[in-house]
Each structure stands twice: as C-alpha cells, then as structure tokens.
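Chemist: Let me begin by handing over the structure; questions about it come next.
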Ligand code: ACM
C-alpha cells in the first residue's frame, strides 16, 4: 500500500498528455524537462534510470543525408553555449547526438523518434522535416541555458526517454505583415528562428498592401521605388526587399525546415501599387501614398488589360524566386471592388497562378469564385459559420484556420495592452488556446482542415520587441494546437508546460507577455 505522500507525488508526475507515470519520486527532478515540452509530443516514455550528459568530445553523427541542415542548426545553437566543438560527422561512431533514418512508419512524413541512452541521443526520422522537428524537441530537453549565445557552465544533461512524435496537421504557419510596417531581413530572420523552435513549417510574408509594396519586381520598378518608400506613420527609406534579399530570406527559412508563402494582396489592399503606377487606376491617375490604417478603399482596375499584365508579371517574377509551391493572392476586404468584378478578377488571375506552377492560397473570401479543390482558403473570420468555406470543404478543399478572434497575434491580450488592435476582440492566452481547429467552423471537419496559421498584422507593431510581445506566448499556443494530438488538449495541463518556456525565452532575449493566466517557471 502506497503512502499518501507517495500517491500525491505520483499523481503530480503524470507526464502531461502521455498518461505515463514516473514511478520514483527521487527521479522526479530529472524528468522535469519531459513535462515541459511545447508542443506536447504524441508519446513520451520516460526512462528514469538513464541520463545522457553531453561531453566535450561529443559529436553530431549523421547516417542520413536528410540530417545535414538540421545538424548544422543544432550545432549552431549548442556550440556557443556549451563551448564544445560538436563536429558534424558522417557515420555513427560513439558518444554524441545521432541523426539517422529508419523511424517507425507511424512517424509519417514529418515525425521522428527520439531515444536517450547513456551514450547517445538518437533521433530517427524519415525526412529532413522529421529531423528538424526532432531537434526542436531535443533543444527543450536540454537545460534552458543551452540557448544562450555565450559560454555557460554545464552539465548538459538530457533525461532518459523514448519519444515518438508526429503532427496533427501538416500546415503549421505564422504570418508577418511587412507592409504596414517594414521589417529588415535581420528582424525577419529573428522571427523565423523563433517560430522554427516550435515546429512551425510555413512562414507567410504579407508583402503588399495599401501602405507598402515590399518586394522588388524588376519589370515594374516603381512598385518599390515609390510604393516601397514609406509605411504606417510616415517613416521613409528603402522599405523593401531586393529580389536577392528575398531569396536569401527564403533560403534562410528553407535551411530551417520552413517554406515561405509570399502574399501579394489583390484586388483590394493595393494602394501602394496604385500610387506607383498611374495605369493601374481606372482614371489613369496615381494615388497618393498612404500611411494610415484604414482598410477597404483601394481596388485594382478590373476591366483594364494592363491590370492583368501587371498581375501576371508579379506572379511570374515571384514564382521564379520562390521554391515553395504556394502563391497567396490575398483577396480579403475588397470592399471597393463590386462583387461581379471580384469574380471577373479571380477568374482571370487564378489560372495565371497555375500557369507559373504554383498552388493558390488566399484569404477565404476568394474561395467563392472557384470550384478548384486544390485551392487553399485561409479562414480569418470571427464567426463559426461560413457557407462558402463549408461548401469548399464539402467539395474537398483543405482549409487553413486563422480565426481572428482566436489566433490573430495582433489582437490585444486585454484592454490595457498597449500594442495591437481589438476589432476581433481581446484574446488572452487561454482564449487563444480554447478552441478546436478541427471542429470550429460548421461544416469543416478535422479531415478538411489542412492546419492553422497565426497571422501578425503590424499596424501598431514596429520593432522585434513588439513582434515578440504579441507572438509570445500565443505563437507557441498556435504551434501546440497545430501539432499536438487533440486528445491532449487541456488548459490546466498545458499552462504549466507553456510557463516552463519562460526561462528559455528570457535567455533567448524574447520580449514575451507574462500573462497572469500562465504559471511562469522562475
Ligand atoms: C484580414 O485580416 N483582412 C485577412
């Protein structure tokens, strides 16, 4: 018969969501890291008698070509903090971190197994994605100071465990609006690094809007010369990416397992283009540059051929420098485009995206204009009913879920939040967590959900610190909803796991919002 104290200790040691008990209280501390993973893996089997300690002579050993980039990512994180050389070598030779293939087929195209033995941490995966995801988990199993940019004191222990893991949804996205405020390549890379750590695999860049056109288009140079010269609030400068800078950003994301989805919003949200070229306006007159935050006042000229020459040139140039398969055409809030014109526009533009080899994604409004079941609507509404999205799901389209009152990262947390907007409501951390993407929209079932995306609009966001304050901790919330099995969805278990990220974010210099709803680890 167990003592009362032991029973209480055992109850406290249930690994969140896994149903696995750690059966020795003396081993509890070692297993703490296993209870602090975000997103929660599918299976976590602790081995309380085992601890792996990274040694100064440890190597990162590869027996899978897929693992090279993930190994480089891991080495770049651990070398500065541990001070160890951590050479990356082909072949499995002994002490260290082993990245190999031959994972259980249950892990699927993006999953992995992670096994900790006294001599090695072995990550098995059948794809490069799987290795990136396994590495993200290993980072959280190491002490938080492993994330430091300067040399720290060890020991660098990893608790004994066997993990088998794979995502609930393929699409786990984050969006950054670089149009309302422009963010430099360095700022964008910083955010890419932050989302990557939570197994986010799509990065959606909102590259054009009324306030700014942010990517060089060589055949239409005024788009950036004029349209990329200012932003909300009126700052001026070179507020755009050259094609080389964009290619570098895309490669940076790709080297971290992330696919960039470029968005050029049309036929509304187009003032920056219309300020750059007179011919894009029905009256042939350039619009003034706009530095305010209203929406819905601009529209491309639907019945001019030059509009489609412009759109085709943009799609052609962007597609040529975007290795990912998607082109996001916006399509939202076209309040100045009559409905019939909106349909006319989409009927001409959707085939152009196909012509250049890309799959169309867009804000959900566009889906009413097409029966193409490969097109991907991104739901951003605030209701749980949308007849057009439900009809598309019935036809077989897969939906990306971004309900604004749940995972728009620019919504204020509460009425005192200085940054952000509140048109979709106040979204505290628990609100962001308390919905089920697979049963949220009427008529859109789990099987019709491609995944989720957390957009960050930047009307009020100007710095990396601003980005981080709005994204943390809600971006990791979105990552959990997109990755972890629906069966582990439970706020009381999730909140401490989320709170355990606090020390890690402090070491990484992430300016997170320390919500009082979350029990932050000191
Ligand atoms: C949107 O928030 N207008 C997509």
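Even glycines carry a Cβ here, placed using N, Cα and C.
Predicted automatically and left uncurated, TrEMBL annotations should be read as such.
Note that the structure is predicted; figures quoted are calculated from it, not measured.
Not my notes, these are from TrEMBL:
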ACT_SITE  333  active site, proton donor
DOMAIN    36-166  domain 'Beta-hexosaminidase bacterial type N-terminal'
DOMAIN    169-334  domain 'Glycoside hydrolase family 20 catalytic'
DOMAIN    344-485  domain 'Glycoside hydrolase family 20 catalytic'
Chemist: Any idea what the model's mean pLDDT is for the domain 'Glycoside hydrolase family 20 catalytic' (169-334)?
Modeler: 98
Chemist: Provide the three-state DSSP residue tally for the domain 'Glycoside hydrolase family 20 catalytic' (344-485): helix first, then strand, then coil.
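Modeler: Residue counts for the domain 'Glycoside hydrolase family 20 catalytic' (344-485) by secondary structure: 60 helix, 22 strand, 60 coil.
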Chemist: Measure the Cβ-based neighbour count of residue 333 (active site, proton donor), defined as the other Cβ atoms within 10 Å of its Cβ.
Modeler: 17
Chemist: Going by DSSP assignments with H, G and I as helix and E and B as strand, what are the residue counts for the domain 'Beta-hexosaminidase bacterial type N-terminal' (36-166)?
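Modeler: Final tally across the stretch: 39 helix, 44 strand, 48 coil.
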